[in-house]
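Straight from Swiss-Prot, the features:
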{"type": "BINDING", "residues": "HIS76, GLU77, HIS109, GLU110", "note": "Fe cation 1 binding site"}
{"type": "BINDING", "residues": "HIS243, GLU244, HIS276, GLU277", "note": "Fe cation 2 binding site"}
{"type": "REPEAT", "residues": "74-100", "note": "repeat 'HEAT-like PBS-type 1'"}
{"type": "REPEAT", "residues": "107-133", "note": "repeat 'HEAT-like PBS-type 2'"}
{"type": "REPEAT", "residues": "203-233", "note": "repeat 'HEAT-like PBS-type 3'"}
{"type": "REPEAT", "residues": "241-267", "note": "repeat 'HEAT-like PBS-type 4'"}
{"type": "REPEAT", "residues": "274-301", "note": "repeat 'HEAT-like PBS-type 5'"}
Amino acid sequence: MASTIADNADNNGNSKDSVQYLRKVLTSESSPLAQRFRALFSLKHLASSKPPTEETLPAIEAIAAAFSSPSALLKHELAYCLGQTRNLDTVPHLRKVLEDTQEDAMCRHEAAEALGALGDAGSLAILQRLRDDESEEEVVRETCDIAVDRILWETSKDSKSEKLKQSDFTSIDPAPPLPLSSAEQSIPELKQILLDASLPLFKRYRAMFALRDMCSPPDLPTAVPAIEALAEGFKDRSALFRHEIAFVFGQLSHPASIPSLVATLSDKNEVGMVRHEAAEALGSLGAEDGVEETLKRFVNDPETVVRDSIIVALDMAEYEKSGEQEYILEQPVAA
């Protein structure tokens, strides 16, 4: 059974060395991409410590140091991880990425989403400005729109009074699920909200995460019908929306999502942001028959972000089959 970096640090008294080692791997362009991702998730574990430890800030700074990488895939994952830490020391790093118009739109979108996940009211002005800037990339504007609504919801009375279903997922989502009511909403009702393009994206996302929570545990009678409803979201005009459907399927790791994920990855007319998310979602299903073989068909895909995602997805598939406890990078033990 593999132990986490944090466990090793506590046992060996060299946690500072662990952060330095992980930072070196994460920021090295010569390190294999899959190894860098494992280093990132190890650092995320340390950066998310509650209460904070002496490794928390160095871990945050180590993650942020990798924003100099040319890999859009890696940088967008850095932003996601910082947003999951619940630590406002990450905010300056995320704002810098979001406001850099030379940065890849996928990375800027993830930085905006992370600021929303952190509930950082101090970032509202930046998010609102970019949301309303018609010259901005659509994916950035849409993400800022959702992030603004999430922060306003989190700081409102509604967030205190709404009764939400306890989720099996520990992630900080772009939107909470729709609240429970006296009459529980059916899958067709949630699907109608999910697919209604006239509604605010925030509300549609709330329906998305309500449907997600109806799929866990995977043997629930609602699981497959809810997945089928979510899969209809792949027809939406918004690339941001489609990529979030793929992300949710990655969280669920339910075999019923495989056909729609394979179709999305295989669609060469689909944007890279969506195809890459489908690839990583399939990586989480790597123990299922045929998935690994499907992923290998795209190792030479012409789109860089898809090729990179296949590398990570295949590593995730190996992890799923290996029985490892954590998807992390362990520091080699000195002889």
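A Cβ is built for glycine as well, from the same backbone N, Cα and C atoms used for every other residue.
Feature annotations (Swiss-Prot) mapped to structure.
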residue	record	DSSP (3 states)
HIS76	Fe cation 1 binding site	helix
HIS109	Fe cation 1 binding site	helix
HIS243	Fe cation 2 binding site	helix
HIS276	Fe cation 2 binding site	helix
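A straight line from the CA of HIS243 (Fe cation 2 binding site) to the CA of GLU110 (Fe cation 1 binding site) spans 12 Å. Applying an 8 A CB threshold to same-chain residues 6+ apart, the list for GLU110 (Fe cation 1 binding site) reads LYS75, HIS76, GLU77, ALA79, TYR80, GLY83, THR143. Those same-chain residues not listed among HIS243, GLU244, HIS276, GLU277 yet with C-beta within 8 angstroms of the centroid of the Fe cation 2 site C-beta atoms are ARG242, ILE245, ALA246, PHE247, MET273, VAL274, ALA278. Counted with DSSP, the repeat 'HEAT-like PBS-type 3' (203-233) comes out as 22 helix, 0 strand, 9 coil.
Listed in chain order, the extra residues whose Cβ falls within 8 Å of the Cβ center of the Fe cation 1 site residues HIS76, GLU77, HIS109, GLU110 are ALA72, LYS75, LEU78, ALA79, TYR80, MET106, CYS107, ALA111, GLU113. Across the fold, the C-alpha of GLU277 (Fe cation 2 binding site) and the C-alpha of HIS109 (Fe cation 1 binding site) stand 14 Å from each other. Counting in whole angstrom, GLU244 (Fe cation 2 binding site) lies 12 from HIS109 (Fe cation 1 binding site) by their C-alpha atoms. Within 10 Å of the C-beta atom of HIS76 (Fe cation 1 binding site) sit 26 other C-beta atoms, taking all shown protein chains into account. Other Cβ atoms within 10 Å of the Cβ of GLU244 (Fe cation 2 binding site), summed over all protein chains shown, number 27.
With respect to their backbone Cα atoms, HIS109 (Fe cation 1 binding site) and HIS276 (Fe cation 2 binding site) stand 15 Å from each other.
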